[in-house]
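Engineer: Okay, here's the structure, questions in a sec.
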C-alpha cells in the first residue's frame with residue numbers, strides 16, 4: 001500500500017471550466033493546502049481528458065501534490081498522472097494495479113457494504129465514502145449515507161484494512177468538517193466549497209486548517 005496523504009482532496013471537475021481554466025484551479029488548490037488532486041470528467045472525450053490531465057499535471061509540477069484521474073485508467077496512464085480513483089462500475093483495482101504499476105495511487109469509492117467488502121480484497125491505497133450529504137456538484141441517485149452510515153462503512157473498512165486512509169465526500173462544507181473528522185474520516189474531498197468560493201486560495205487554506213484542527217482534536 002502506497003502512503004497517501006488524504007487530508008484534503010480537491011476535486012477538479014470539468015464542469016468548473018466556467019470558473020477558470022482547470023490547470024489554474026488545480027494549481028491554486030495545490031499551493032494552498034490540498035494534499036491530493038482528482039480530475040473528473042464524466043462527459044469529455046478521451047482526447048480531451050488526456051489533454052486536460054496533462055495540462056493539470058504540468059501546472060502542479062513541483063508542488064509535490066499527486067494527481068489522480070477519476071474512473072479512467074487509460075487516461076491516467078496516457079497522461080502520466082500519479083494514479084486513478086475507481087468506482088464500483090469501473091475497472092477493478094487489481095487490473096488497474098497491473099496496468100499502472102505498484103507505485104501508482106489507487107483510490108476506491110465506497111457507497112455501501114458491498115463496496116466496502118470489495119475494497120477489503122483490493123490493492124487500493126485509500127477509500128472515499130459517500131455521498132455523505134446532499135450535494136449540488138453531481139447528480140447522485142443514491143441516498144446520502146449521513147454521519148451514521150459513514151461511521152458504519154468506515155468501521156468495516158478499518159476492520160479489513162486498518163492502515164487504509166478513509167475519506168468522506170459530498171456536501172462537505174467548513175461547518176461539517178469537525179463532525180466528519182470526529183466520525184473517523186482521515187480527510188475530505190471537496191469540489192464546490194473550494195472551487196466556487198469567492199477566493200479559491202483562501203477557501204482551500206481554510207479547509208486545510210479546519211481539517212488539521214479537527215484531526216488534532218480527535219487525537220487521544
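The backbone N, Cα and C atoms fix where each Cβ goes, and this holds for glycine too.
Sharing the record's features from Swiss-Prot:
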type: BINDING; residues: 38, 39, 40, 41, 42, 70, 109, 138; note: 4-amino-2-methyl-5-(diphosphooxymethyl)pyrimidine binding site
type: BINDING; residues: 71, 90; note: Mg(2+) binding site
Engineer: What's the CA-CA gap between residue 42 (4-amino-2-methyl-5-(diphosphooxymethyl)pyrimidine binding site) and residue 90 (Mg(2+) binding site) in angstrom, rounded?
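Structural biologist: Between the Cα atoms of residue 42 (4-amino-2-methyl-5-(diphosphooxymethyl)pyrimidine binding site) and residue 90 (Mg(2+) binding site), the distance comes to 12 Å.
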Engineer: Taking only same-chain residues 6+ apart in sequence, whose CB is under 8 Å from that of residue 71 (Mg(2+) binding site), what do you get?
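Structural biologist: Spatial neighbours, sequence-distant, of residue 71 (Mg(2+) binding site): 40, 42, 84, 85, 86, 87, 90.
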Engineer: These are the binding-site residues: 41, 90. Which one scores highest on other Cβ atoms within 10 Å?
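Structural biologist: Within the set of binding-site residues, the most crowded position is 41.
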Engineer: For residue 70 (4-amino-2-methyl-5-(diphosphooxymethyl)pyrimidine binding site), which residues in the same chain are close in space, meaning a Cβ under 8 Å from its Cβ, but six or more apart along the sequence?
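Structural biologist: Counting only residues 6 or more apart in sequence, the Cβ neighbours of residue 70 (4-amino-2-methyl-5-(diphosphooxymethyl)pyrimidine binding site) under 8 Å are 11, 38, 39, 40, 41, 84, 85.
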Engineer: Within 10 Å of its Cβ, which one of these binding-site residues (40, 42) has the largest number of other Cβ atoms?
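Structural biologist: Most Cβ neighbours within 10 Å: 40.
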Engineer: If you count other CB atoms within 10 A of each CB, which of 39, 109 wins among these binding-site residues?
Structural biologist: 39
Engineer: Just to be sure I understand the packing, how many Cβ atoms besides its own are within 10 Å of the Cβ of residue 38 (4-amino-2-methyl-5-(diphosphooxymethyl)pyrimidine binding site)?
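Structural biologist: Its Cβ shell of radius 10 Å holds 25 other Cβ atoms.
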